[in-house]
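So the structure is just underneath, and the comments pick up after that.
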Amino acid sequence: MAEERRPKQCTVVVPTESMKAMAESIGVGQLQEESCVALSDEVSYRIKEIAQDALKFMHHGKRRKLTTSDIDNALKLKNVEPLYGFQSQDFIPFRFASGGGRELHFYEEKEVDLSDIINTPLPRVPLDVSLKAPKEQQKAESTEPLKVVKPGQEEDGIQNKTQGATSAESKGKDKGLRLKPRSTHELSVEQQLYYKEITEACVGSCEAKRAEALQSIATDPGLYQMLPRFSTFISEGVRVNVVQNNLALLIYLMRMVKALMDNPTLYLEKYLHELIPAVVTCIVSKQLCLRPDVDNHWALRDFAARLMAQSCKTFSTTTNNIQSRITKTFTKSWLDEKTQWTTRYGCIAGLSELGADVIKTLILPRLTIEGARIRAVMDGPVVSNIDKIGADHVQSLLLKHCASVIAKTRNPPDNVEQYRLDYGYLGPMLCSHVVKARTQAALQAQQVNRTTLTITQPRPTLTVSQSSLGGSGGPRTPSIIKVPSSLTLMSPRPGTPTQPSPPATKYIVMATSSGASSTQQVITLSSSQSGGTSTVQSATSGLQPLVKLESGGGPGLTASRPMQKYIVVSLPSSASLDGKGSGLTAISSSTAQLEAGMKLERSDSPGASTH
Amino acid sequence: QFILKMAAVQSGQSETEEEKEIQPETSNDGSRTDGRPPAGSPGVPAPSPGAVKPSAPGEEETLRAVLRFLQKNNLSESVEILRREAGLPDEPEDQTGSESSGTGSGGQEAGGGVGDAGSLLSRVSAAPTPAAATVAAPPPPPSKVGAGDDRPDVNVVLSAYSQQGDPVLYDVYYSGLKKFIESVLDCHRAELSQVFYPLFVHMYLELVYNNHEAESKAFFEKFSGDQECYYADDLRILSSLSKKEHMRGNETLLDFRTSKFVLRISRDSYQLLKRHLQERQNNQIWTIIQEHLYIDIFDGMPRSKSQIDAMSGSLAGEAKRDSNKAKVFYGLLKEPEIEVPLDDEDEEVENEEGKPKKKKPKKDSLGNKSKKQDPNAPQQNRIPLPELKDSDKLDKIMNLKEATKRVRLGRDTLPSICFYSFLNAYQGLTAVDFTDDSSLIAGGYADSTVRVWSVTPKKLRRVKSAADLSLIDKESDDVLERIMDEKTASESKILHGHSGPVYGISFSPDRNYLLSCSEDGTVRLWSLQTFTCLVGYKGHNYPVWDTQFSPYGYYFISGGHDRVARLWATDHYQPLRMFAGHLADITCTRFHPNSNYVATGSSDRTIRLWDVLTGNCVRILTGHKGPIHAIAFSPNGKFMASGATDGRVLLWDIGHGIMIGDLKGHTDAIYTLKFSRDGEILASGSMDNTVRLWDAFKAFDELETDDFTATTGHIHLPENSQELLLGTYLTKATPVIHLHFTRRNLLLAAGAYNP
């Protein structure tokens with residue numbers, strides 16, 4: 001009341017109606033009008049006086065808010081009994097009532113049953129007062145000489161300091177966390193050396209060293225301290241090499257990611273923000289190599305897509321929503337008309353690696369449209385060789401992934417015309433693929449039966465694998481292989497033999513050139529390199545019986561070997577045999593270009609990364 | 001022996017005051033309206049500060065008598081001349097105690113008539129009976145019967161308003177004067193405008209007193225807008241007054257009445273005003289000016305508006321020039337010579353390591369400081385100080401050692417700030433103090449508790465119980481360690497004892513004691529060895545707002561709502577001195593570094609400096625526009641800084657008694673001020689959640705105090721707040737309520753986090 005603006009100061013008084021109401025409340029009826037006026041004058045004066053005294057207590061209490069205790073103290077000052085028990089949870093505890101033409105505000109005092117109070121459980125004791133000072137400052141005060149702040153930085157420096165100090169007090173509020181000084185993880189000299197060696201080997205030219213390094217990454221238990229550095233290394237490396245179209249290095253970096261993921265002692269979730277963009281870049285970038293018509297960047301895309309699928313499976317949670325975000329990203333750029341074939345391929349690969357459900361809901365409905373687009377390139381006037389290759393790859397990719405899904409979802413008979421009707425341009429090809437897939441599935445069922453039979457003697461399987469390693473993709477296997485090929489695609493952790501890889505790698509590289517099977521080949525490549533002993537438990541349903549059987553036959557290593565065998569064996573099945581030779585050259589040429597690319601200092605904008 | 005001395009001082013004082021003892025303590029105290037008994041110690045002699053006479057009382061008496069005669073006959077100019085020639089201070093009417101000499105001849109002067117009524121009034125407050133008889137006071141109305149005989153002065157004071165003119169004409173009078181002042185030359189206008197506010201208040205009160213409620217209301221509404229904005233708070237109180245009955249209990253009003261509003265006006269302007277009023281036969285206003293205002297006339301150029309604004313704002317106008325003339329020994333006391341054998345060794349080691357040159361001059365300067373006697377310093381034994389104990393000497397040695405490592409602050413080397421936040425204080429933190437060596441922090445809380453924290457790894461421990469202590473081998477070397485009870489070690493201790501919010505807190509310099517003062521009217525002394533209350537000092541009957549230990553320990557000062565600051569010694573349960581004179585609550589109290597003076601800040605918006613030895617008020621400093629909540633002395637004792645709720649920091653030269661700086665920047669009440677250990681930086685902390693650093697070195701260095709400024713007290717302040725502001729440091733939501741420089745010049749700040 002006393003705080004009214006000055007012009008009103010004279011006039012603010014308690015209305016006489018209030019006087020009457022108050023008089024009535026204590027049982028005095030019929031108060032003379034004159035007495036009301038006199039009373040209200042007096043009361044308003046006293047209230048103002050008390051309010052002014054209460055302000056004093058507020059000031060000395062170093063507060064900005066006037067509290068009821070201030071009023072109590074002011075009353076005490078005047079030797080008046082304070083108002084006991086005027087405590088309220090509400091900001092303004094008054095209630096309003098009207099009636100009989102009068103309006104009334106009153107303080108609701110409920111009768112309190114003491115037993116209620118006694119019986120209610122005690123509320124939690126409020127936190128006790130505590131003193132907080134920034135730790136480092138205390139130290140500075142007690143031991144170290146005072147830190148002198150330079151004039152230039154003083155505004156920011158000290159201010160931040162004070163703010164930091166006060167916000168540190170804020171009991172873990174957001175701001176406080178944000179301002180918490182970032183702790184750097186110091187690496188020991190040995191770790192630094194190790195890090196240097198490993199990173200150099202991973203991107204170096206010596207394949208043997210790289211294999212060792214990757215294996216070390218995938219198996220060493222004490223790498224968590226270096227993890228932030230590795231992830232930065234990878235993300236920076238991808239950023240630089242995408243610009244320079246350095247395919248080989250990108251592959252090496254992706255293999256590092258793979259190895260990191262394979263390491264059971266590392267948990268990458270904290271570093272996904274660096275790794276995922278790098279991986280996605282490798283999937284969808286417009287250009288990943290210097291000569292897109294010759295170099296096999298498709299393999300890299302497939303491999304990265306598989307990595308992506310794996311990390312989605314491992315790390316996607318309801319809070320970070322990695323899978324749905326990634327799916328959205330892929331779909332968006334795929335649906336874009338202007339997207340180039342390379343990126344288109346990446347998107348489809350990325351999506352299809354995410355599983356049959358994704359294929360069914362996102363890819364199958366668009367097969368017709370995609371088919372039309374492919375036909376436009378294939379049948380239309382030759383625009384450019386690159387486009388044609390791209391369209392070709394997209395087509396085989398679609399056929400490969402969709403066939404298996406359709407085979408499962410669509411009931412036979414497989415009518416070519418019907419397929420053409422449903423899927424347009426791709427229909428007939430799909431139809432033949434589906435038919436193949438069906439027969440394969442049937443065969444595989446037999447195969448499974450066979451393995452169960454042979455399980456007691458692991459030798460046959462071993463021989464099979466060896467024969468495949470030998471490079472003579474045996475003609476007897478193809479029939480077995482077809483289905484497993486798609487199965488292995490889904491397995492998040494492809495089998496990883498310890499060291500017998502070098503020949504396998506070579507073999508796979510050859511296979512690379514063959515579009516459809518490229519994914520597989522890269523897997524083997526990586527698995528052979530990383531050489532981890534990672535377990536195979538996470539194999540998908542399709543593969544599961546097989547694996548179980550095998551592991552039942554022999555522990556650990558033997559179990560993984562058959563896996564390896566299947567993969568390798570599967571290669572020629574979907575790959576056209578003639579592709580082998582060209583694949584080899586592709587890799588070698590790309591490595592040759594590696595150096596050239598380094599020198600060239602390309603100023604191209606980085607490949608479109610749609611993440 | 002020491003105690004005897006103090007007692008002697010006190011009793012000597014009482015003797016000179018014998019006649020006074022039978023009267024109420026002071027008019028302020030006696031005039032309380034509530035039913036509380038007047039002061040807890042009615043029989044206690046009240047050694048009023050002004051009462052202690054300077055030397056040669058006989059001659060002065062004569063001169064004063066002549067002066068009075070002249071005044072009686074309205075020969076004001078002769079009065080001025082005589083005063084100046086005789087070097088007599090103006091009669092300090094606002095210090096009621098000083099009027100005691102006049103009480104004997106009260107009857108004679110009471111016949112003085114209208115012109116003398118003002119001085120009479122104030123005298124009345126000291127000697128009520130004869131004065132009440134002579135003044136034509138109306139018989140107290142029946143409603144006042146309850147007022148009783150213990151406060152007769154109230155009615156008498158108010159009765160001065162009974163002489164009145166036609167209420168309707170007040171409006172005309174005031175606007176007439178307003179018109180006149182607006183028409184005079186610019187140079188006079190600012191000076192004469194000062195008259196408005198006191199005139200306005202007095203006229204309004206006269207109207208109210210004489211029951212012209214409607215007229216008073218109209219008068220207030222018409223002219224209250226013209227007043228300077230810094231009087232808004234007083235006007236607000238005034239506006240709530242609308243009835244004669246209200247006036248009786250209103251302290252603000254009584255202050256206005258019992259003390260004359262002091263104006264400083266140049267002779268020319270004054271003549272102008274006088275001539276105008278006499279020409280117009282405007283007796284009403286002239287009477288008020290004669291009775292209620294004290295016009296301090298000076299020769300020379302009229303002051304400018306800004307000069308006036310800088311100095312005005314207090315409840316009772318500016319300080320009289322003469323009230324700031326007394327000599328103040330602001331120098332520091334000589335430090336006792338302490339042999340520092342350990343220190344030398346340490347320094348030797350440091351020397352070998354690197355800085356051999358730096359050490360020498362430093363040591364010299366330290367030595368010089370302690371050897372040469374500052375001409376401005378008081379006698380070493382001017383007031384008895386406690387002897388140094390061994391532990392004190394050790395502490396001094398530590399201090400010196402730390403001082404050598406101190407960072408020299410300045411414009412380019414600002415201190416680091418470490419903020420101690422009190423968490424979960426729920427708005428209850430009311431006071432904070434650090435020990436000088438920054439090892440302990442104490443906080444006072446609204447829930448009546450005091451908490452002490454140790455901020456070093458050393459925990460707080462209690463002394464063992466008496467039974468356990470008797471088992472200790474008293475001859476052992478580590479007996480001091482053995483007496484402590486390990487089981488009680490903790491980081492903080494809570495002290496219970498007060499029954500109201502704790503508003504002030506202060507550590508003793510030796511870290512053995514802690515003082516706290518509270519709303520319950522007591523000051524408590526706590527032991528930091530046993531963590532128990534040792535003494536409750538009762539004397540203030542109202543909330544005690546602040547207390548502080550002397551820098552040499554033993555003495556402490558307290559001040560509170562009763563407007564009297566009290567000086568205590570820890571071993572006396574009654575105060576040694578009572579400093580009365582403030583017109584409103586004493587909000588903060590500080591010792592001068594040499595312990596011979598205390599400064600008190602008040603809600604009446606003045607700062608007073610009191611001489612501990614004599615009890616005199618030696619400085620009245622006006623200029624703040626709000627209650628003063630923070631005072632700090634510069635380490636060399638020469639300067640003082642004060643902060644108020646108006647958000648401004650004012651700097652003062654104690655020797656000359658003038659304002660030398662006005663630091664604007666804070667947007668809310670300032671609750672703490674501190675000079676760095678070298679006095680180069682002034683830090684201020686405020687409710688606006690900032691710590692600001694000011695270049696004190698520059699502010700004091702650029703000062704040129706010529707004789708003219710010193711004698712007239714007319715200051716001209718440069719507008720250089722922005723240049724002097726070195727840094728503003730925001731907290732998130734923590735009002736800064738205490739600041740402290742460690743011995744190495746790290747700035748510690750404290751406050752309660754207040755989300």
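Positions of Cβ are set from backbone N, Cα and C atoms, glycine also.
TrEMBL entries are annotated by machine, without manual review.
Annotated region 'Disordered' per TrEMBL: B:1-59 (among others), in sequence order.
Among the features that TrEMBL reports, compositional bias 'Low complexity' is placed at B:37-57 (among others).
Annotation source TrEMBL lists region 'Disordered' at B:85-151 (among others).
As annotated by TrEMBL, compositional bias 'Gly residues' applies to B:103-116.
What TrEMBL records for B:117-136 (among others) is compositional bias 'Low complexity'.
According to TrEMBL, the domain 'TFIID subunit TAF5 NTD2' annotation covers B:165-293.
Per TrEMBL, the feature compositional bias 'Acidic residues' maps to B:341-351.
The region 'Disordered' annotation in TrEMBL covers B:341-389 (among others).
Per TrEMBL, the feature compositional bias 'Basic and acidic residues' maps to B:363-374.
Residues annotated as repeat 'WD' in TrEMBL: B:422-463 (among others). For the repeat 'WD' (B:422-463), the mean pLDDT of the prediction comes to 90.
What TrEMBL records for B:495-530 (among others) is repeat 'WD'. Secondary structure of the repeat 'WD' (B:495-530) per DSSP, as helix, strand and coil residue counts: 0 helix, 19 strand, 17 coil.
For B:537-578 (among others), the entry in TrEMBL reads repeat 'WD'.
Here TrEMBL flags B:579-620 (among others) as repeat 'WD'. Residue counts of the repeat 'WD' (B:579-620) by helix, strand and coil are 0 helix, 24 strand, 18 coil (DSSP-based).
Under the heading repeat 'WD', TrEMBL lists B:621-654 (among others). The DSSP breakdown of the repeat 'WD' (B:621-654) into helical (H, G, I), extended (E, B) and coil residues amounts to 0 helix, 20 strand, 14 coil.
Through the fold, the repeat 'WD' (B:663-695) approaches residues 403, 406, 408-411, 414-415, 417, 626, 629-636, 639, 641-645, 647-651, 721-741, 743, 745, 747, 749, 751 of its own chain, all at least 6 residues removed from its boundaries and within a Cβ separation under 8 Å. According to TrEMBL, the repeat 'WD' annotation covers B:663-695 (among others).
Residues 230, 233, 310-314, 317-319, 324, 328, 330-332, 376, 584-585, 587-594, 599, 601-603, 605-609, 660-675, 677-679, 682, 684, 686, 688, 694, 696, 699-700, 703, 705 of the same chain lie 6+ residues outside the repeat 'WD' (B:621-654) yet bring a C-beta within less than 8 angstroms of a C-beta in it.
Counting residues per DSSP class in helix, strand and coil order gives 0 helix, 23 strand, 19 coil for the repeat 'WD' (B:422-463). Shown for the repeat 'WD' (B:663-695): DSSP residue counts in helix, strand and coil, namely 0 helix, 20 strand, 13 coil. Within the domain 'TFIID subunit TAF5 NTD2' (B:165-293), the DSSP-based counts of helix, strand and coil residues read 102 helix, 7 strand, 20 coil.
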